């Protein structure tokens, strides 16, 4: 029993390192390299920057995410959409709910934009380490971009197969990576032990006071050390809170030791540029190529974790009706979270390669990086503060508020990146944001334009037609949004066309504000020959409608569903109509048997 507990204890930590800490774990590759291009490599500046890095990791990752955010899970699930679902239940005012909805849209959009920049900067920065291999010093930047693009291409092609089989290796590889970071850090610190004093926050305060506005703008690069911190909370549903927190103790220690080691190396070699790679090469030239291979593997794992995270966010968005339906494939038979969304995968690949070609170097990419991360952190901070103020944990409000204000400071510092490439963060985030706004507003307008009939009025006509006895043998299913209101396509089928079966079943699938759990309720006899089958599922559940129907003894002959043909002169609704046509419909999303499907077109004026 004790052995089993020990295995699960360490197993959880190792898994977390592979699935959660890839992004933040690969930040040492480029963080100090980028910062040192903007400041002097003297003792005061180096110690000040190291102190800022250490305290950024403590405040923004340990306090904001590991402590505050992770205390707000819903059945173990975390993330921006979960915060929104918690808040919507707590708030009374419609305006507040609308504000929270918009915040969630912004948070999700920034995270999706970040999903493009992270693989690009991680893979490109690792590949750039090839220039330190003897004889490869003059490797053209175009060649490095090509190698990085090929790695990205292979990574995205692999998504379709599912990463289930290789995911077991992610944890052990990342354990070796963090071990290598720790070891190289310790060796470097031993040569210049005075860097350890950077742990004291007075160095950070002194740096900011002495450097004024320039010091303030350095914060926009310091935040690079905390990119990926949001994964602690977002991935909570995959692994659970405790393993992630335990793993963070080890990861935090490895990161701090390595950053201090890099600082010590800068003090001894103030003219070096590619700091992590130069440090490792100076310590063990013979191990440099294996370390470079390990770095590339670590960045691939970091990118993989982020791609899986994007799939998960998009799936949450689909089931909570803030994103259009898309074709989803399940790549694992035993892991619920292992999904593949082809349209998202290929869009990400194109965007990642495009960003590599636009920015060319990882240090240029750093200009676009950070804005999305700090924006997400600030939004998380606002939502957490609102939640704590509406619950019994009011004592956490001042702490959450203080952290949110610090997020705002980092976000403000990042605004100066806008002219230098930071605008790409906003462009990338604006695409999903526009889709979400158009989709949610379009769905509401479409629902109003459809003018559904209330059930009681429908039953008057239905009862008369059913009583005539000209009914088709078997069972017909009709998909509706809710049983109480009948959509026009059902009226067209049954009332106008007299397509009526011996048994007719209204089927509705709605999502609860809990992540998991499925309830299926069959109500017989809501009208003569008419039943209602209502499914209420958690927004992370993968629902097998056919299996649920069979469990209740419903063997359908045909499945009817509505298709809206939208006619409009409004450019906003034209975009909505195009999105609706190009994305999956309800029956495609839920993989219902094609041979039984019968789509009924309704023309709608919007």
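Just so it is clear, glycine is given a Cβ too, placed from its N, Cα and C backbone atoms.
The feature transmembrane segment is assigned by Swiss-Prot to 18-38 (among others), with sequence analysis given as support. Residues 49, 53, 61, 118, 121-122, 125-126, 129, 167, 169-174, 177-178, 181, 217-218, 221-222, 224-229, 231-232, 235, 238-239, 244, 247-248, 251, 254-255, 258-259, 262-263, 266, 273-277, 295, 298-299, 301-306, 308, 362-363, 366 of the same chain lie 6 or more positions beyond the ends of the transmembrane segment (18-38) yet place their CB under 8 Å from a CB of it.
Only residues 6 or more beyond the boundaries of the transmembrane segment (46-66), in the same chain, are considered here, and those with a CB under 8 A from a CB of the stretch are 24, 31-32, 35, 39, 195, 197-204, 206-208, 210-211, 215, 218-219, 222-223, 225-226, 229-230, 232-233, 244-245, 248, 252, 255-256, 259-260, 263, 266-267, 377, 380-381, 384, 399, 403, 406-407, 410. Annotated transmembrane segment per Swiss-Prot: 46-66 (among others), in sequence order, evidence recorded as sequence analysis.
Positions annotated as transmembrane segment by Swiss-Prot: 97-117 (among others).
Annotated transmembrane segment per Swiss-Prot: 140-160 (among others), in sequence order.
Positions annotated as transmembrane segment by Swiss-Prot, on the basis of sequence analysis: 169-189 (among others). Residues of the same chain lying 6 or more positions beyond the ends of the transmembrane segment (169-189) and with a Cβ under 8 Å from any Cβ of it are 14-19, 21-22, 25, 28, 195-196, 250-251, 253-255, 257-262, 264-265, 276, 279-280, 283, 291, 294-295, 297-298, 301, 304-305.
Counting residues 6+ beyond its ends, the transmembrane segment (204-224) has Cβ neighbours under 8 Å at 27, 30-31, 34-35, 38-39, 44-45, 47-49, 51-53, 55-56, 60, 366, 369-370, 373-374, 409-410, 413-414, 416-417 in the same chain. Taken from Swiss-Prot, the feature transmembrane segment applies to 204-224 (among others).
Taken from Swiss-Prot, the feature transmembrane segment covers 247-267 (among others).
What Swiss-Prot lists as transmembrane segment is 286-306 (among others).
Annotated transmembrane segment per Swiss-Prot: 339-359 (among others), in sequence order, evidence recorded as sequence analysis. Long-range Cβ contacts of the transmembrane segment (339-359) within its own chain (Cβ-Cβ under 8 Å, at least 6 residues beyond either end) map to 115-117, 119-120, 124, 145, 148-149, 152-153, 156, 159-160, 162, 307, 310-312, 314-315, 326-331, 365, 367-368, 421, 424, 428, 542, 583.
According to Swiss-Prot, the feature transmembrane segment maps to 368-388 (among others), an assignment based on sequence analysis.
Residues 56, 59-60, 63-64, 68, 71, 216-220, 222-223, 370-371, 374-375, 377-378, 380-382, 384-385, 388-389, 422 of the same chain sit 6 or more residues outside the transmembrane segment (395-415) yet have a Cβ under 8 Å from a Cβ within it. According to Swiss-Prot, the feature transmembrane segment maps to 395-415 (among others).
Long-range contacts of the transmembrane segment (418-438) within its own chain (CB-CB distance under 8 A, at least 6 residues past either end) are made by residues 105-106, 108-110, 112-114, 116-117, 317, 322-324, 351, 355, 358-359, 364-365, 367-372, 375, 572, 575-576, 579. The transmembrane segment feature in Swiss-Prot is assigned to 418-438 (among others); the stated evidence is sequence analysis.
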Task: For the transmembrane segment (368-388): best-contacting stretch of 97-117, 140-160, 286-306, by Cβ pairs under 8 Å - done: 97-117
Open item on the list: Suppose I define contact as three or more CB-CB distances under 8 A, residues 6 or more apart in sequence; do the transmembrane segment (140-160) and the transmembrane segment (97-117) meet it?
Closed with: no
Task: Intrachain residues whose Cβ lies under 8 Å of the transmembrane segment (286-306), provided they are six or more past its termini - done: 18-20, 22-23, 25-26, 29, 114-115, 118-119, 122-123, 125-127, 129-130, 132-133, 151-152, 155, 163, 170, 173-174, 176-177, 180, 228, 231, 235, 277, 280
